[in-house]
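> Below is one structure. I have some questions about it.
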Amino acid sequence: MSWKLTKKLKETHLASAIGLNSGGSSFTRGLKNSTLSSTSSRKSSDEKSRKSSEDKRSPQSTVVQPGLLQVTIIEARNLKLPSGHVPANYGVSIDNSLLAPPLSNGSGHARSRSHAWWLPYIVVEFDKNEILVDALNTASLENPCWDYQATFDVSRYSKLSLNIYLRSSSSRSRNGMGNDAFLGGIKLSPSFIVNKLTDEWVPLHGGSGELRVQMLYKPNQSTPLTIDAFELLKVVGKGSFGKVMQVRKRDTSRIYALKTMKKAHIVSRSEVDHTLAERTVLAQVNNPFIVPLKFSFQSPGKLYLVLAFVNGGELFHHLQREGCFDTYRAKFYIAELLVALECLHEFNVIYRDLKPENILLDYTGHIALCDFGLCKLNMAKTDRTNTFCGTPEYLAPELLLGHGYTKVVDWWTLGVLLYEMITGLPPFYDENINEMYRKILQDPLRFPDNIDEKAKDLLSGLLTRAPEKRLGSGGAQEIKNHPFFDDIDWKKLCAKKIQPPFKPSVESAIDTSNFDSEFTSEIPMDSVVADSHLSETVQQRFANWSYQRPTTIDTSDDINTIAPGSVIR
């Protein structure tokens with residue numbers, strides 16, 4: 001779900017929907033230009049395929065009830081400044097409204113904080129829920145102190161990440177990238193033993209020094225959620241069905257994205273199945289590069305989805321501003337997206353709507369795939385579907401031809417997206433939709449002169465028109481094995497141990513500067529829905545919407561089994 005709730009082609013039966021021979025309609029994308037062909041270099045190896053199968057073994061698991069994870073970031077010691085980094089000037093001010101609010105010190109009293117903007121800050125992330133905490137004005141650059149306590153809602157298992165940064169003398173560059181230096185980070189696997197306090201010094205990876213962290217898990221009263229559990233902060237997106245608001249959960253102070261949808265509008269547009277599919281996918285999937293569902297609930301007139309608030313901006317926003325990305329940056333995003341799509345395919349889900357508007361960046365620059373309204377569920381490897389949906393410039397040839405399509409359709413759109421990142425436009429883009437469809441089906445794939453040879457070969461494989469010959473038709477591992485990804489350590493990538501090539505300028509969890517002011521300037525409110533006279537039968541279709549599930553604890557870290565409470569380095 002792009003926060004804009006962008007409009008896409010509604011799913012209909014393909015035979016009556018394409019109309020390639022009818023009068024062309026004009027379609028404007030915004031900023032970009034390019035075209036497509038086949039051939040693939042498939043570096044498949046029996047050893048890698050076998051290893052991939054072993055990596056997907058069912059992990060050990062334990063069940064834990066929803067609860068609260070209390071994290072206290074105390075201090076760090078022996079940090080070192082990267083060579084060549086110019087730190088921010090002592091005493092430079094920052095808008096206090098952007099800083100994390102004072103939290104309880106454990107006894108119920110608010111802690112007064114004097115922030116030092118020029119000292120290292122820490123980004124704490126649990127299940128894609130991120131907070132930024134500035135150091136106290138009582139410490140040094142090498143030995144900063146935060147003495148900060150945060151409480152996270154636990155709705156499923158997730159690792160806890162803590163990354164330390166230091167602002168530079170120019171914190172925000174002209175391209176919107178944060179120039180802040182990475183000083184090191186850790187990743188912890190929390191213990192979910194009730195009321196057991198862990199307190200340890202943990203060595204940083206990617207830097208020098210250690211960080212002291214305390215964790216305590218407490219069960220939570222599982223009372224039904226309502227809109228009253230949230231403080232409405234900002235509107236960050238709108239659509240025909242409703243809107244998306246930035247909210248603060250009152251009991252934990254965590255920031256979320258609350259998507260509200262009017263039942264009557266969903267029913268009148270025959271979108272019930274799509275809406276239920278989105279919630280189903282979000283509830284099932286646990287992947288570091290997919291926006292997680294925290295809760296869902298409903299009222300007689302509305303449906304509500306509570307998701308992690310990812311505020312680094314849409315990839316579309318960054319791509320539009322910069323025109324295109326360098327090859328490494330594009331590779332990094334495509335690699336993380338590949339892992340996300342592979343996860344969906346293992347759940348027998350086809351995504352079908354991959355595009356820059358549906359990809360968000362988090363605080364640190366990792367991607368988060370969102371908007372699952374066009375997903376197709378229960379699609380085994382060889383299953384085919386014939387429905388027509390997606391966004392025009394990303395549609396695969398087999399979809400346009402009405403031949404039916406499989407999961408392999410997602411690899412075509414991955415290729416289109418990579419091409420767009422590198423060149424600035426989708427390969428067959430045209431303002432006339434019907435002419436664009438013709439190009440997708442008939443035109444050769446052409447490349448600008450400056451494209452990397454390995455990237456060309458990968459794109460030729462992904463953009464092969466015959467789906468059975470397309471790179472990835474044998475599974476995601478085929479794509480991972482391509483020479484374009486030779487310098488990617490997939491295990492480190494999945495563990496988010498590779499520093500992103502770009503870090504958005506984000507000041508805090510409530511910063512909305514990467515969102516359209518058209519939305520953020522609007523007063524947030526949960527509008528009253530007039531009596532829609534929905535029948536009991538219609539209401540029954542939403543009977544299982546509300547979601548606050550027990551969590552299955554996955555004690556595996558990619559390949560290796562990690563005991564709960566251990567440090568992941």
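Placement of Cβ uses the backbone N, Cα and C atoms for every residue, glycine included.
Marked as active site, proton acceptor by Swiss-Prot on the basis of sequence analysis: Asp353. Taken from Swiss-Prot, the feature ATP binding site covers Val236, Gly237, Lys238, Gly239, Ser240, Phe241, Gly242, Lys243, Val244, Lys259. The feature compositional bias 'Low complexity' is assigned by Swiss-Prot to 31-42. Among the features that Swiss-Prot reports, domain 'C2' is placed at 45-202, with the record citing sequence analysis. If you look up Swiss-Prot, you'll see 230-485 marked as domain 'Protein kinase', on the strength of sequence analysis. The domain 'AGC-kinase C-terminal' feature in Swiss-Prot is assigned to 486-557; the stated evidence is sequence analysis. Residues annotated as phosphothreonine in Swiss-Prot: Thr387. If you look up Swiss-Prot, you'll see Ser527, Ser546 marked as phosphoserine. Under the heading region 'Disordered', Swiss-Prot lists 19-63.
Show me how these features fit into the shown structure, please.
According to DSSP, Asp353 (active site, proton acceptor) sits in a coil region rather than a helix or strand.
Taking all protein chains in view, 26 other C-beta atoms sit within 10 angstroms of the C-beta of Val244 (ATP binding site).
Per-residue pLDDT, averaged across the domain 'AGC-kinase C-terminal' (486-557), gives 80.
Thr387 (phosphothreonine) falls within a strand when secondary structure is assigned with DSSP.
Ser527 (phosphoserine) carries neither a helix nor a strand DSSP state and counts as coil.
Under the three-state DSSP scheme, Ser546 (phosphoserine) falls in the coil class.
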> What is the interatomic distance between the Cα atoms of Gly242 (ATP binding site) and Ser527 (phosphoserine), given in whole Å?
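Computed Cα spacing between Gly242 (ATP binding site) and Ser527 (phosphoserine) is 10 Å.
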> Can you tell me the CA-to-CA distance separating Ser546 (phosphoserine) and Lys238 (ATP binding site), as a whole number of Å?
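Approximately 22 Å lies between the Cα of Ser546 (phosphoserine) and that of Lys238 (ATP binding site).
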> Using only C-alpha positions, which one of Asp353, Thr387, Ser527 is spatially nearest Lys238 (ATP binding site)? These are the recorded positions in the record.
Ser527
> Measure from the CA atom of Thr387 (phosphothreonine) to the CA atom of Asp353 (active site, proton acceptor) and give the result in Å, rounded to a whole number.
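Checking the Cα atoms of Asp353 (active site, proton acceptor) and Thr387 (phosphothreonine) gives a distance of 13 Å.
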> How many whole Å apart are the CA atoms of Val236 (ATP binding site) and Ser527 (phosphoserine)?
15
> Can you tell me how many other Cβ atoms are located within 10 Å of the Cβ belonging to Val236 (ATP binding site)?
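Within a 10 Å radius of the Cβ of Val236 (ATP binding site) lie 23 other Cβ atoms.
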